[in-house]
Amino acid sequence: MNDNKTPLAIELRDISKRFGAVQANKDICLQVPTGTIHGIIGENGAGKSTLMSIIYGFYEADTGEIEIGGKKTHIRTSEDAIQAGIGMVHQHFMLVENFTVLENVMLGAEGGALLRQGKDDARLELKRLASEYSLDVDVDAIVEELPVGLQQRVEILKALYRGAKILILDEPTGVLTPQEADHLFVILKSLKEQGVTVLLITHKLREIMASTDNVSVMRQGQMVAHRETKNTDKEELAELMVGKKVRLKVDKDDAKPTGLVLSAKKLSLVDSQGVKRLKDVSFELNAGEIVGIAGVSGNGQSELLNVLSGISSLSSGEIQFAGETITAANPKNASQMRDLKMAHVPEDRHKMGLVTGFEAYEAAILGYHNSSAYNGSILLNRKAMLSECEERMAKWDVRPPNPHLKTANFSGGNQQKIVIAREVEQNPEVLLIGQPTRGVDIGAIENIHEEIVKLRDSGKAILLVSVELDEIMALSDRILVMFDGAVVGELPASDADERTLGLMMANAYNGPLSKTGDKA
Amino acid sequence: MNQAKVPVWVSIALIPFINVMLAFFVSALVILALGEDPIEAAGYLIYGAFGYEEGIGYTLYYATNLIFTGLAVSVAFKAGLFNIGGEGQAYIGGLGVGLVCLWFDSSLPLMVIAPLAIIGGALFGAAWAYIPAYLQARRGSHVVITTIMFNFIASSLMVYLLVNWLKQDGRMSPNSRTFEESAWLPYMHELLAPFGIELSESPLNASFLWALICCVFVWGLIWHTRWGYQLRTLGTNATAAVYAGIDNSKVTIWVMLISGGLAGFVGLNEIMGVNHSLLLNFTAGYGFAGIAVSLMGRNHPVGIIVAAILFGALYQGGSELAFEIPTITPEIVVVIQGLVILFSGALENMLKDRIEGFFIRKSVA
């Protein structure tokens with residue numbers, strides 16, 4: 001890479017880490033020259049966070065070596081990492097909110113039983129750091145009263161106070177306004193001028209281009225490319241990030257939409273922190289078509305599924321479905337939406353779709369537990385539950401076909417089949433399906449995709465959310481792209497290619513945003 | 001995932017057993033330090049609890065209260081709620097039972113009073129749990145805090161009621177009048193005599209049977225009804241419960257009502273079964289001991305019966321022990337009970353990981 005005389009700040013050799021069946025990092029090699037800003041970019045789940053956790057000592061690598069400043073270093077705990085001069089600023093801040101800035105910075109380095117001396121020392125040191133790196137912040141302010149951008153600055157100060165010469169920032173701009181983000185980059189530049197090495201983890205191309213010297217791209221647990229930032233561009237990076245994967249093949253004819261089933265008008269959702277998670281999302285869903293929602297995760301897709309399925313109530317806008325108009329003033333809960341024949345396969349089956357402590361036949365009625373099919377006058381009809389579960393396990397090839405096995409003990413693919421079977425067998429009018437094949441093995445993926453197409457061909461409407469572009473392109477008849485809570489593009493699947501979608505997902509696409517208008 | 005490899009008997013039998021044994025071991029050290037023989041003491045304790053009919057009767061009489069409060073804790077726990085207000089709910093439940101008895105003892109037969117008293121105890125206990133439940137469900141005040149506060153309020157309220165309203169005229173002691181015999185729950189020795197089963201006299205009464213019925217009821221409710229399904233979903237995965245359209249606030253409230261109602265049945269045993277009048281402090285810590293019983297019984301009715309009998313034996317055998325060996329004062333017996341609660345309740349997880357780890361390694365090897 002760079003012909004630097006000084007030793008590399010970080011060198012990783014063949015780092016691998018496996019969690020159960022998932023290979024999170026595979027043979028990762030990385031060289032970061034001292035005093036540079038190095039970007040690491042990749043889709044969600046590409047293994048960036050795992051890699052940073054290994055460098056910071058949260059996990060230990062299964063194999064591989066880490067050199068810090070030219071010396072081989074064993075990092076088993078985050079204390080080792082701090083010792084080695086590594087500081088980390090997490091995506092979610094690790095601050096004690098009702099402490100002052102000073103108290104937060106000295107936390108864990110109080111320097112004695114009585115605070116006074118430590119406080120005075122810390123105050124002096126902070127003053128020095130603040131002037132050296134132009135990181136101004138009122139040291140006596142209570143952290144929770146500071147704006148987010150300043151809280152982040154406190155995190156950076158905390159790391160520097162502990163002597164960090166290498167600073168890792170994990171998705172630092174996720175919580176910042178664009179202005180705060182720009183300011184952060186100014187700070188990073190000044191840190192770099194003082195000889196600090198910065199490792200910037202992000203999935204935003206703009207930030208990489210704006211602030212880094214070098215960039216490494218990760219995909220599916222591997223490092224796929226290293227580039228000098230000045231010798232690359234957004235388009236190349238987007239392509240590297242998404243990759244030219246073998247295209248999944250799904251046998252399907254063209255969609256034959258047979259009429260409007262659901263229409264969403266200007267859906268908005270403001271969360272409890274007052275952040276707009278959905279911004280005027282409008283679309284229509286027809287019977288007999290699959291509409292795919294592409295996007296880097298965390299751009300509003302989950303929130304969209306939640307408002308459509310009744311888990312969250314809208315802040316504004318309206319959904320028209322099954323003769324009902326659902327608005328902020330007239331909300332419907334998840335159970336009422338199910339009654340209207342809206343089925344929902346949630347993105348996270350562990351957190352939401354299943355109760356992992358339940359046996360399969362119990363999890364197989366979640367959400368439909370009030371249905372007369374499963375209930376006698378008082379007691380649950382276990383016989384009916386069991387026989388239906390056995391039937392479905394046979395039909396959907398769930399293995400092992402044991403309705404008494406705890407759902408936690410099925411493989412990901414089989415868990416997913418239990419969830420999808422539960423929702424599809426209710427014969428819904430609309431199926432919302434999030435990450436249908438996340439953590440699912442290849443064989444089961446085909447199977448699940450076939451079932452989704454079959455459901456479409458039987459005249460149902462399907463809204464598919466996936467971070468896998470392959471999946472979106474293989475299944476969808478129409479694709480919407482979401483970015484930052486808004487729909488930023490729409491195109492028929494036939495016109496979609498990975499590059500266009502990748503750029504739209506990064507909100508870096510400059511062509512016409514809607515291609516469907518001229519086709520219809 | 002590792003749970004799968006640990007044999008069931010390890011977590012439901014071996015670990016509680018080891019915990020109790022540890023408690024007994026430390027108790028033995030205490031007794032040794034007092035200069036007494038722990039083996040001899042253990043002999044008195046076991047004989048006192050199980051050695052003769054009257055002792056068994058007392059053991060089961062104590063166990064009755066602990067089954068009610070243990071069930072109360074476990075129902076709430078299954079829904080992810082920690083109801084430590086069993087003490088207050090039992091107290092107020094007892095008020096409900098007592099009021100029914102005071103109102104109807106001279107006008108109605110036992111066959112009518114008993115169901116009314118059951119309803120009274122359940123309603124009053126449930127009502128006392130309702131306010132913390134409502135505050136948790138709708139306002140987010142944590143039930144642990146509010147239920148414990150309600151224990152104190154219950155205590156003050158009962159003193160007020162007994163001193164100002166329910167005390168007999170002209171008497172010093174803050175008790176209500178004694179109920180007519182038509183409002184006395186039959187003792188087991190009376191109940192079984194017609195069947196040719198002769199038992200020595202003990203306070204064990206018909207409320208023990210009701211406790212067993214409640215166990216069956218709780219078992220059916222939790223594992224065999226849709227309400228139990230919702231309750232367990234909420235308790236294991238609240239996000240999944242929202243996804244499933246379960247109204248978490250509603251479930252929280254009625255779970256706490258059932259929990260409070262169960263605790264309220266302590267009044268059947270104490271007020272209607274034994275004391276035959278309303279009095280102060282009849283709950284005597286059973287509400288708190290119910291937490292240990294529930295934990296030790298793994299929140300399952302069968303486990304709760306076993307744990308309740310163990311604790312009942314400690315109460316009964318302990319007083320026998322204090323009687324036989326005067327150096328071991330009733331306070332030391334409380335220390336032993338405390339140690340069992342400490343090891344099986346508070347330190348429940350101390351050895352768990354190691355023991356389970358042992359079995360996981362064994363199953364992998």
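Positions of Cβ are set from backbone N, Cα and C atoms, glycine also.
Marked as transmembrane segment by TrEMBL: B:12-35 (among others).
Taken from TrEMBL, the feature transmembrane segment applies to B:55-77 (among others).
Counting residues 6+ beyond its ends, the transmembrane segment (B:89-106) has Cβ neighbours under 8 Å at 65, 68-69, 72, 83, 112-113, 116-117, 119-129, 150-151, 154-155, 157-158, 161, 166, 176-177, 179-180, 182-183, 259-261, 263-268, 270-272, 277-278, 282-283, 286-287 in the same chain. What TrEMBL lists as transmembrane segment is B:89-106 (among others).
Among the features that TrEMBL reports, transmembrane segment is placed at B:112-131 (among others).
Sequence-distant contacts of the transmembrane segment (B:143-163) (same chain, at least 6 residues past either end, Cβ-Cβ under 8 Å): 76, 81-85, 87-89, 91-92, 95, 128-129, 131-133, 135-136, 174-176, 256, 278-280, 287. TrEMBL lists B:143-163 (among others) with the feature transmembrane segment.
Tertiary neighbourhood of the transmembrane segment (B:204-223): same-chain residues 57-58, 60-61, 63-64, 67-68, 71, 74-75, 78, 114, 118, 185-189, 191, 231-232, 258, 262, 265, 268-269, 272-274, 300-302, 304-305, selected by CB-CB distance under 8 Å and a gap of 6+ residues from either end. Summarising the annotation, TrEMBL assigns transmembrane segment to B:204-223 (among others).
For the transmembrane segment (B:251-272), same-chain residues at least 6 beyond its ends with a Cβ under 8 Å from one of its own Cβ atoms are 61, 64-65, 68-69, 71-73, 75-76, 78-79, 81, 83, 85-87, 89-90, 92-98, 101, 114, 117-118, 121-130, 132-134, 136-137, 143, 179, 183-185, 205, 207-208, 210-211, 214, 218, 221, 227, 230-231, 234, 241, 278-279, 282-283, 286-287, 290. Residues or ranges marked as transmembrane segment by TrEMBL: B:251-272 (among others).
Among the features that TrEMBL reports, transmembrane segment is placed at B:278-295 (among others). The list of residues near the transmembrane segment (B:278-295) in space but at least 6 beyond its ends in sequence, with Cβ under 8 angstroms from a Cβ of it, reads 65-74, 77, 84-91, 94-95, 98-99, 102, 151, 158-159, 162, 166, 174-176, 263, 266-267, 270-271, 304, 307-308, 311, 337, 340-341, 344-345, 348.
Look at TrEMBL and you will find B:302-318 (among others) tagged as transmembrane segment. A Cβ distance under 8 Å defines the sequence-distant neighbours of the transmembrane segment (B:302-318), meaning residues of its chain 6+ beyond its ends; these are 12, 16, 20, 44-50, 55, 58-64, 66-67, 70-71, 74, 212, 215, 219, 289, 292-294, 296, 330, 333-334, 336-337, 340, 344.
TrEMBL lists B:330-351 (among others) with the feature transmembrane segment. Packing against the transmembrane segment (B:330-351) from elsewhere in the chain are residues 15-16, 18-20, 22-24, 26-27, 30-31, 34, 289, 291-292, 295-296, 307, 310-311, 314-315, 318-319, 321-322: each is 6 or more residues past its ends and has a CB under 8 Å from a CB in it.
If one looks beyond the transmembrane segment (B:112-131) by at least 6 residues along the same chain, the residues whose Cβ comes under 8 Å of a Cβ in the stretch are 83, 85, 88-97, 99-101, 104-105, 146-147, 150, 154, 182-183, 185, 206, 210, 253, 256-268, 272.
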